[in-house]
Amino acid sequence: MQRTLRYIAAACAIIAATPAAALEASAINQARYSDTLPEGRSAMMVKLQVLLDRADVSPGVIDGRWGGNTQSAVRAFEEVEGLPVDGQPDETLWRRLTGSGKMADIAAPYTISQADADRLRPDLPEDYAELAAMDWLGHTSVAEAVAEKFHMDVDFLRDLNAGVRFAVGARVMVVRPGENLDTPVRRVVADKSANRLHAFDAGGTRIASYPVTIGSSQLPSPSGTHEVVGIAVEPTYAYKPDENFQQGDNDEQLTLPPGPNGPVGIVWIDLSKPTYGLHGTSDPATIAKTVSHGCVRLTNWDALELARNLDPGVPVEFSR
């Protein structure tokens, strides 16, 4: 299903004031729907985000806060379920999400493993020339590695485990997102207006939806339909300032090593339009909130899930 690419070049609701309080796992698991969306982080919003993730409608990073990515996920879920589409949670949507055995514990304990602590790179420079001299652009901390494993915002993970030292053998509370999609994707649509990418099966059914960053006015993404031509997991990154953009004072070509904190994250999905692709990111909290260098950027976990269900030849349509 995957073809290794050695070098990669990327062109690439109602708010009610409530006092802030530390969340506990029991509050998250027992959270119920409320007509009034709480301000700040809340147990209800954590639960909503996890349930959307379990329904294959990604909210991006799970941080327990109402925002644009969660709203676009609600809208995408409403579309698939045939509900009135307004991007606002209601009791009907909540019942759909909590039905059919989807109510296993939202938050649960997890013991940090040696794998979570392997290949860390605590001090990653910003300069591409310095990055090119490294062998791996790994997570900067155990907390970051664990947060990414469970689709969580790292600050939320730390707040949920206040006073806990993130080390091998430590028992921490995490949220339990959905199982990985395991259905071949036969068509992809990058919706520029919604900042979402939708995946469809052979029958035309939408089977997954992800928040994305799609280009910018200065560096627009492609238009029309292109094809997947290759997929690389843990790709290197070919920095070519004469073709794409210049980072700092680096005016010569560089090859940056792979890793989750590389410019294209943990996955590169190459498109038939030269230098363009779908890829991961080093900063999942910025998805759909910043611009890209023309490519389509997803969280690492969403990009990896998509890549595992794609084959070369699948069309990728860019819609407005």
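Yeah, the Cβs are placed from backbone N, Cα and C, and that goes for glycine too.
Now, the feature entries from TrEMBL:
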type: ACT_SITE; residues: HIS279; note: active site, proton donor/acceptor
type: ACT_SITE; residues: CYS295; note: active site, nucleophile
type: DOMAIN; residues: 186-319; note: domain 'L,D-TPase catalytic'
type: SIGNAL; residues: 1-22; note: signal peptide
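CYS295 (active site, nucleophile) counts 26 other C-beta atoms within 10 Å of its own C-beta, drawing on all protein chains shown. A straight line from the CA of HIS279 (active site, proton donor/acceptor) to the CA of the residue listed as 'active site, nucleophile' spans 8 Å. Each residue of the domain 'L,D-TPase catalytic' (186-319) gets a DSSP state, and the totals for helix, strand and coil are 12 helix, 51 strand, 71 coil. Over all protein chains present, the Cβ of HIS279 (active site, proton donor/acceptor) has 28 other Cβ atoms lying within 10 Å.
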